Amino acid sequence: MSNKFLGTWKLVSSENFDDYMKALGVGLATRKLGNLAKPNVIISKKGDIITIRTESTFKNTEISFKLGQEFEETTADNRKTKSIITLERGALNQVQKWDGKETTIKRKLVDGKMVVECKMKGVVCTRIYEKV
């Protein structure tokens, strides 16, 4: 994984996030809070363990994982998922599976920004972060 991912990132733009949350099955009240949140994402690495911490006024979440190894995750909207994150062509690709459903979250670096692309049932959400 590129060390360029490491550090603190702040959300600067979000496109289609409400539709993505709807596709996930997130309720109206939680979607409203999620749309208002402007999270910071802190990515760190210790040995071969990567940690992604998301902090916002809505909720803080943290996942720690090894690339290519499945782990259990409780998401900000309280889904209990089996997740796996791999590194492909410089991008961190995450697959979350729960209740027979699946979503993908791809994190890639473009022009010094972290572009996060979330896909669920044909809905695509793009969130862009800048390094703090």
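Note that Cβ sites are derived from N, Cα and C of the backbone, with glycine treated the same way.
For reference, Swiss-Prot has these:
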type	residues	note
MOD_RES	S2	N-acetylserine
BINDING	R107, R127, I128, Y129	(9Z)-octadecenoate binding site
BINDING	R107, R127, I128, Y129	hexadecanoate binding site
Euclidean distance between Cα atoms of S2 (N-acetylserine) and R107 ((9Z)-octadecenoate binding site), Å: 12
Non-site residues, in chain order, whose CB comes within 8 A of the mean position of the CB atoms of R107, R127, I128, Y129 at hexadecanoate: W9, L11, V41, K113, M114, V115, V116, T126
Cα separation, I128 ((9Z)-octadecenoate binding site) to S2 (N-acetylserine) (Å, whole number): 18
